[in-house]
Amino acid sequence: MSTQQDVSGVSAALAAAKAEGRAALIGYLPVGYPDVDTSIEAMLTMVRNGVDIVEIGLPYTDPLMDGPVIQTAATGALASGVHVRDVFRAAEAVAGAGASCEVMTYWNPVLRYGVDAFARDLAAAGGSGLITPDLVPDEAADWITASETHGLDRVFLIAPSSTPERLVTTTAACRGFVYAASLMGVTGAREAVGSEAAQLVERARTVTETPICVGLGVSTEAQAAEVAGYADGVIVGSALVATLVTAADRNEGLATLAQKAASLADGVRG
Amino acid sequence: MTQTTPPLGRFGAYGGRYVPEALVAALEELDEHRAKAMADPSFVGELTELQRSYTGRPSIITRVRRFGDEHCGGAQVVLKREDLNHTGSHKINNVLGQALLTKRMGKTRVIAETGAGQHGVATATAAALMGLDCTVYMGRVDTERQALNVARMRLLGAEVVPVDHGSRTLKDAVNEAFRDWVANVAHTHYVLGTVTGPYPFPEMVRDFHRVIGVEARAQMLDEYGRLPDAVLACVGGGSNAMGIFHRFIDDSGVRLIGLEGGGDGPDSGRHAARFTGQAIPGVLHGAYTYVLQDEEGQTIESHSVSAGLDYPSVGPEHAFLRDSGRAEYYPVTDTEAMTAFEALSRTEGILPAIESAHAAAGAMKIGRELGPDALLLVNLSGRGDKDVHTAAKWFGLLDEGEAQG
């Protein structure tokens with residue numbers, strides 16, 4: 001697929017949720033944990049239980065934005081032999097189930113694969129775009145070109161520490177949505193989301209009309225409901241991954257994951 | 001050859017700033033403060049005075065006659081004695097500069113990563129001196145092979161956090177330090193220990209170490225009446241090497257030679273030879289540079305008998321110097337390094353850090369190639385006190401009971 005898309009699958013999903021008067025639920029899982037087939041089944045389980053958009057993680061050896069839960073899963077996925085191309089399999093499966101997805105990846109695996117080739121193959125698999133935790137727009141010239149060529153979303157992060165100038169330039173470079181990091185820190189469940197997230201969204205709303213989704217630290221139905229009150233999307237990672245990491249076996253993991261996803265979906269639906 | 005650094009901190013294609021957005025403001029703040037500080041006579045004066053009265057600068061140069069005659073083909077070998085600095089290595093040069101900047105930025109805590117422990121000890125030292133809280137991340141494997149330095153850091157009041165992720169060496173300590181920094185950047189400065197990482201670290205750390213080459217060049221002219229034929233230094237991340245190389249870059253007749261951790265040999269798969277192994281350019285720890293990685297972009301674990309060289313990436317300015325042909329890089333195997341360690345110890349009464357022994361091993365090779373007319377300047381980046389246990393095991397100098405004690 002090399003034609004420019006006007007609206008990505010993720011954009012459409014965010015718009016559909018908005019039309020229902022609610023925020024979208026975005027659920028993160030790394031491909032390949034505990035194995036590729038189970039991870040894809042887990043993504044489909046999330047979709048069946050109310051997750052609107054799947055964030056497919058590409059496991060990486062040095063995930064410096066991730067806390068212990070996601071790092072454990074990424075390390076396990078790499079040990080079980082996950083390959084970069086498995087994200088395309090996962091994207092195809094999610095798209096085939098009628099849901100949309102973004103791939104969350106650190107930059108080096110994309111560089112090694114080839115930026116344009118990665119974009120081409122992701123678009124062909126039905127993925128909407130990339131979330132890049134260690135790539136800021138300042139360094140993203142090749143990715144901006146490739147994403148334009150293949151009609152993909154570019155989701156860059158903003159953080160509570162972002163200056164007003166950077167909020168303008170970073171949100172302007174985003175397509176699909178803006179990922180607002182709710183706090184200064186790495187991924188992982190927190191007891192409270194904190195006030196920084198709402199303030200960050202409020203600041204960003206003054207400079208962009210692109211949807212803003214909030215991630216980092218959201219783990220409960222109540223927190224999802226709280227964030228859904230001011231954001232266009234609620235991103236949950238570690239709390240979902242933890243259901244698989246702590247499960248005794250595959251079936252228990254998928255069952256617990258289904259319950260967790262349904263509970264979070266209730267949260268965004270008020 | 002004159003080198004310029006473009007605004008985004010690139011050395012040719014290398015460098016840049018590949019970091020989470022949460023850190024960008026802190027990097028911009030750091031860049032602004034260090035630019036102002038380096039132009040501020042009071043900052044430069046304070047640092048210079050600390051270098052003189054605390055570190056012990058200028059460090060001397062030492063002609064090592066017997067080592068040159070017996071092991072380096074008769075070449076004249078001169079050591080730049082960074083091992084004589086307070087805390088025992090070059091690392092203190094950079095740390096004092098960054099600790100002063102930390103105070104200028106109004107931050108109260110420093111964090112650091114360390115492999116061999118030299119950078120951790122230097123950071124803990126500067127933190128004690130300047131009243132800063134200090135946390136040092138260190139791979140579990142390295143805490144075991146450098147136990148003496150762990151104790152030194154704790155005695156200095158630092159918290160040492162062993163890292164159990166990944167290969168449990170320097171690379172993983174860097175990851176953990178970045179995670180801490182993302183969460184605590186408001187009051188914490190990350191005292192990055194080498195010439196890599198996101199801009200402005202590669203340039204800033206080099207500038208704090210540049211004093212090594214500035215002194216050495218003047219000392220060579222003063223004592224030998226000419227520049228050396230080659231300057232040799234070990235290269236992990238590459239801070240001591242950049243420190244001594246940089247003042248010689250425009251001296252086209254001086255070969256700049258970096259020695260990497262060759263481990264079991266570049267063909268063995270167990271090494272830290274980024275330029276001579278299968279490394280290709282990529283992104284690791286905030287910079288675009290040479291990285292040991294597999295065909296999918298996953299970082300490959302490095303190996304070296306030297307904890308300080310056991311790192312799968314290298315500073316971006318080295319990548320630039322390598323590609324441009326201005327500097328040469330060669331691997332030194334563990335065995336070759338330990339042979340040089342023993343040779344320097346036995347002929348000169350100087351126990352080098354195992355890192356620095358790689359540079360000495362390079363002098364043995366180059367000296368034999370160039371012969372007695374050659375004048376070689378070797379950066380002895382650190383002393384070997386911390387490595388006595390490793391060396392004693394390597395050479396079988398202790399019986400079982402003594403080794404355990």
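Any Cβ shown, glycine's included, is placed from N, Cα and C.
Annotated active site, proton acceptor per TrEMBL: A:GLU55, A:ASP66, in sequence order.
Annotation for A:ASP66 (active site, proton acceptor): same-chain Cβ neighbours under 8 Å, separated by at least 6 residues, are A:ALA74, A:VAL186, A:THR187. In the three-state DSSP scheme, A:GLU55 (active site, proton acceptor) falls into the strand class. All protein chains included, A:GLU55 (active site, proton acceptor) registers 26 other Cβ atoms within 10 Å of its own Cβ. DSSP assigns A:ASP66 (active site, proton acceptor) to coil, not to a helix or a strand.
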